[in-house]
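Peer 1: Dropping the structure in here first, questions after.
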Amino acid sequence: MNTIVMQADKKLQEKIRTDLAQHHISNNNPYVVFSAKISGATVLLYTSGKLVFQGSNASHIAQKYGFIEQKESCSSESQDIPIIGTDEVGNGSYFGGLAVVASFVTPKDHAYLKKLGVGDSKTLTDQKIKQIAPLLEKAIPHKALLLSPQKYNQVVSPNNKHNAVSVKVALHNQAIFLLLQDGFEPEKIVIDAFTSSKNYQNYLKNEKNQFKQTITLEEKAENKYLAVAVSSIIARNLFLENLNKLSDDVGYKLPSGAGHQSDKVASQLLKAYGISSLEHCAKLHFANTKKAQALLK
């Protein structure tokens, strides 16, 4: 199945919604804000502005909205070397921990990964994630780190060592370091960019575990490198497992994301158990904490 991914500005998002309104279909993925099926292609618009076209006619439909076919050629060429790719999941969710994964992928892995349908975890359903993540964990060398909400709240605050960016630098660096310590030799190390290279390097100076290999931060790297896509999927599965465990711990279904539903559930937890319940399952510095407290007034 052909898959085309592009970024849509607000104008293009509105055009997609208008043009394809009569072809609208339902979609259970919480990250999908609009979906449609037309002429052999499924169109998915995500909260991030990511626009995905899937199906035999994906390229043709995508070109109507500005996709240029030649753009795809460079990404396959850039992967013909051993690569370590990293990604994180959970940084945008009030509830749940922060999962960071580094994966080592070589060209010989590509056929298997494409057969599994590996892609950016945000374009896959949770069911698909849960299905293929265990297969990836067995087949691909990787290091997975999970910072629980409780630990996150201990290290991320104005009075502590980290902020929301520096803690991700620490986790990405540690995951890569552990893979390198195992003897893997990538020709390139790619991080799905969450800050500027300059900012990353400034925070990196504070880390104990250092290595000499050059790091590249690229936006939308999960769409360009299979190693990053693998990490995205494993990290997403780890985050979902943690979110389910935390839901069991507190007796409430904890939603992913940081929307109004998170405010409502947080206010229910505050009323039932107090702030200690949120310390256990949520990232307290998010605005949701104050919004939840306001709902109780």
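Each residue's number is its place along the chain shown, starting with 1.
The backbone N, Cα and C atoms fix where each Cβ goes, and this holds for glycine too.
Annotation comment: Swiss-Prot describes Asp87, Glu88, Asp192 as divalent metal cation binding site, evidence class sequence analysis. If you look up Swiss-Prot, you'll see 81-297 marked as domain 'RNase H type-2', on the strength of sequence analysis.
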Peer 1: Using an 8 Å cut-off from the Cβ centroid of Asp87, Glu88, Asp192, can you name the remaining same-chain residues around the divalent metal cation site, in sequence order?
Peer 2: Thr86, Val89, Val100, Val101, His172, Ile191, Phe194, Ala221, Glu222, Val228, Ser231, Ser232, Ala235
Peer 1: Counting all other Cβ atoms within 10 Å across every protein chain shown, which of the binding-site residues Asp87, Glu88, Asp192 scores highest?
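Peer 2: Answer returned by the neighbour count: Asp87.
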